[in-house]
Amino acid sequence: MASPCLIAVLVFLCAIVSCYSDNPIDSCWRGDSNWDQNRMKLADCAVGFGSSTMGGKGGDFYTVTSTDDNPVNPTPGTLRYGATREKALWIIFSQNMNIKLKMPLYVAGHKTIDGRGADVHLGNGGPCLFMRKVSHVILHSLHIHGCNTSVLGDVLVSESIGVEPVHAQDGDAITMRNVTNAWIDHNSLSDCSDGLIDVTLGSTGITISNNHFFNHHKVMLLGHDDTYDDDKSMKVTVAFNQFGPNAGQRMPRARYGLVHVANNNYDPWNIYAIGGSSNPTILSEGNSFTAPSESYKKEVTKRIGCESPSACANWVWRSTRDAFINGAYFVSSGKTEETNIYNSNEAFKVENGNAAPQLTKNAGVVT
């Protein structure tokens, strides 16, 4: 029989190395060497609040063969043509591609944009991805970087809506406005004019997982502004992501709503890691936070818009089983009792924070 000391060592090694080689999303599909023969199985693998997202499952495959872009009258074979069709589509790519869009790409509902098997880059100095009043969208294995602002101009929003004049956009990588059931998984996002992901204007049922966020200051905004009450119903899961290197703040920054931040790995931040205003509920569980070297940047959290500490004392911000490195610390507040936030289809196992580096080792694009 193994000695108690040996068992303790094995448990420790398991926690940090071998026993958490895959998180529950990756173990759902990546272990199958023939995943490309059953691409749509991916839609069964989401967890958290976006777990019901089907994307283009059950629809036809659509193959992008051209990097061209016509914002008003897209041609078959281009990404914009597939993304704006009314029917469910699973969009794949015929080869490696660098796509510079001329105007924001509106993604219609029931779409999967699946970059697996190719090296797909979006942005490159042009505007990027936009979703408005749609549901069931999956974005997977895309490099999205260098997204820039756009000017006022006409854009095909979808087959049913047609062409509309679109206001100038800020240069986000991914914008979601009044979107339900969306899953953003295994993308690499960096270096855009504004944010990397914005989830606003009543969006809910969102999972953001296995992404790599780096070389960017304002990473992720959840909630429109402090006066937009519809965001009180927002529910977002942020899990298994790698934040950094060189990620400044907003990982995420929430207004209202409920945000579960689980098993993410944080490199040193520039200002703060997790922040919010307007009384969001933030449940931090099993994350690994490595603080910057500066003593005044050690706090993980930042409460915004509080006239005094007592003004935010009832906000429910809770840290459970997080790992804190180099002096990092989380300031909790509000009620601390456990709550069951997920139904049986949404729930997933969250490991202790010391396992987060291993669970996020494959974050970002997979091919």
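Yeah, the Cβs are placed from backbone N, Cα and C, and that goes for glycine too.
The annotation in Swiss-Prot ties Asp194, Asp198 to Ca(2+), and of the candidates under consideration, Asp170, Asp185, the one tied to the same site is Asp170.
For Cys28, the disulfide partner recorded in Swiss-Prot among Cys5, Cys14, Cys45 is Cys45. Of the cysteines listed (Cys192, Cys306), Swiss-Prot assigns Cys306 as the disulfide partner of Cys312.
Within the set 317-327, 339-349, the record from Swiss-Prot flags 317-327 under the feature region 'IgE-binding. Binds to IgE in 3 out of 7 patients tested'.
For Cys147, the disulfide partner named by Swiss-Prot from the candidate list Cys19, Cys128 is Cys128.
Between the listed ranges 92-104, 352-364, Swiss-Prot ties the annotation region 'IgE-binding. Binds to IgE in 5 out of 7 patients tested' to 92-104. The range from 3-10, 11-18, 251-258 that Swiss-Prot describes as region 'IgE-binding. Binds to IgE in 5 out of 7 patients tested' is residues 251-258. For Asn148 (N-linked glycosylation site), the count of additional Cβ atoms within 10 Å of its Cβ stands at 18 [all protein chains shown]. According to DSSP, Cys312 (disulfide bond) is assigned to a helical segment. Around Asp194 (Ca(2+) binding site), a 10 Å sphere centred on its CB holds 18 further CB atoms from the protein chains shown.
DSSP assigns Asp198 (Ca(2+) binding site) to a strand in the three-state reduction. With the fewest other C-beta atoms within 10 Å around its C-beta, Cys28 stands out among the disulfide-bonded residues Cys28, Cys128.
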